[in-house]
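A.B. asks: Below is one structure. I have some questions about it.
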Amino acid sequence: MSEKIAVLGAGSWGSILANLLDENGNEVSLWSYNPKQVKELNEKHTNTHYMKDFTYSETLIAYSDLKQALTGATTVLFVVPTKAVRSVAGDVKQVLEELQTKPQLIHASKGIEQGTYKRVSEILAEEIPAELRKSITVLSGPSHAEDVAKRDITLVTAASTDADAAKHVQQLFMNRYFRVYTNSDVIGVEIAAALKNIIALGTGALNGLGYGDNAKAALMTRGLAEISRLGASFGANPQTFTGLAGVGDIIVTGTSENSRNYRAGDELGKGQSLQEVIDTMGMVIEGVATTKAAYELAKQRGVEMPITGAIYQVLYEGKDIRTAISDLMMREGRSEF
Ligand SMILES: NC(=O)C1=CN([C@@H]2O[C@H](COP(=O)(O)OP(=O)(O)OC[C@H]3O[C@@H](n4cnc5c(N)ncnc54)[C@H](O)[C@@H]3O)[C@@H](O)[C@H]2O)C=CC1
Ligand SMILES: O=C(CO)COP(=O)(O)O
């Protein structure tokens, strides 16, 4: 199967997914709003800031013009940071109106919109009306771009309410090192994907403070418990949280030096300020904004999320991390389930 695919967002994940789709025999256009990055990708086939020591396929063409990137595309894959999804989708809508095409949409972003608490698929559905597109599928799971760049084994899930669309996405991405499952639980997959970044900030901080494996395993397990509670309040399938988008992504993000969220937490634990961490990362740390959105959302829905609350207090209210940990530990004893 081969088709024309436009990938929007040329950071570490967008560029590596674009390269994978190119490798799978598709005609891929990669859009970035940064003309310098487009030049480097087309002339040197590198993307040094986002992916060191990697050479992209010569048939992968980058564009800074959205219309050029979208022309002829039957699939559009969004991989911009969550905070940019609405504005990029608004621009895509205008171009699709001009082009009179109706592509299927996929997104691989992990976050919740500030203020509206919308999931990424909800933002896309709002900004790009159904008459301009086919169905929306979410691609998510334990998948650091750095490992996919090495063609290391990676398993993810493709979630859509349209089973045929999920299967189609599965076929587009599957290859000898990238295996894709399908899932109909879009809500659960998107909530799990967004909120695991909060927990990765936490395990990173534990690492920075010198805590051991027991503490990190505890945080990941109890973190997943509260993420599942929030998911359940939206009608998510509990099984999703035991799957690739749930436990799988908590493990990869909550334990890996490749994770920007884990690294950010690590630096916070070692004493850097949040602003210093953001300024030096140079890439998106989705968990910072997601912590605020999830904290507010949990309050609004009456869902108990003590870990998210503690991380919110550290990030946004200047609470000392050790005090936050101690307060969590000294909560009244309770039943695990
Ligand atoms: N890096 C990874 O391994 C993975 C990342 N993700 C998710 O993919 C999404 C993108 O992440 P990365 O590629 O890692 O981020 P990144 O920080 O590496 O790159 C972000 C890209 O978006 C562009 N961008 C930023 N603001 C923009 C705007 N307003 N309009 C248009 N483009 C804009 C940047 O120029 C850059 O090319 C995030 O939601 C992340 O959680 C998901 C799975 C794996
Ligand atoms: O989502 C990811 C891996 O599945 C990437 O996590 P980071 O954004 O923390 O690097």
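All positions are counted from 1 along the displayed chain.
Cβ coordinates are placed from backbone N, Cα and C, and glycine is handled just like the others.
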A.B. asks: Report the candidate from K67, K196, K319 that shares the sn-glycerol 3-phosphate site with K110, G141, S143, D249, S259, R260, N261, as recorded in TrEMBL.
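C.D. replies: My reading of TrEMBL gives K196 as the candidate in that site.
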A.B. asks: Considering the NADPH binding residues S12, W13, Y50, K110, R260, V284, E286 given in TrEMBL, which of A145, A225, A232, A324 is annotated for that site as well?
C.D. replies: A145
A.B. asks: Write out the long-range same-chain contacts of G141 (sn-glycerol 3-phosphate binding site), meaning residues 6 or more apart in sequence whose Cβ is under 8 Å from its Cβ.
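C.D. replies: The answer is T154, L155, V156, T157, L244, A245, G248, D249.
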A.B. asks: So for Y50 (NADPH binding site), how many other CB atoms are inside 10 Å of its CB?
C.D. replies: 19
A.B. asks: Could you give the Cα-Cα distance between A145 (NADPH binding site) and S259 (sn-glycerol 3-phosphate binding site), in whole Å?
C.D. replies: 10
A.B. asks: So of K110, K196, R260, which of the recorded positions has the fewest other Cβ atoms within 10 Å around its own Cβ?
C.D. replies: R260
A.B. asks: In whole Å, could you give the widest CA to CA gap in the sn-glycerol 3-phosphate site formed by K110, G141, S143, K196, D249, S259, R260, N261?
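C.D. replies: Pairwise Cα check on K110, G141, S143, K196, D249, S259, R260, N261 gives a maximum of 16 Å.
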A.B. asks: Could you tell me which of the binding-site residues S12, W13, Y50, R260 have their C-beta within a distance under 6 angstroms of some atom of ligand 1?
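C.D. replies: Among the binding-site residues listed, those whose Cβ sits under 6 Å from ligand 1 are S12, W13, Y50.
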A.B. asks: Look at the binding-site residues D249, E286 and tell me which residue has the greatest number of other C-beta atoms within 10 angstroms of its C-beta.
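C.D. replies: The largest 10 Å Cβ neighbour count belongs to D249.
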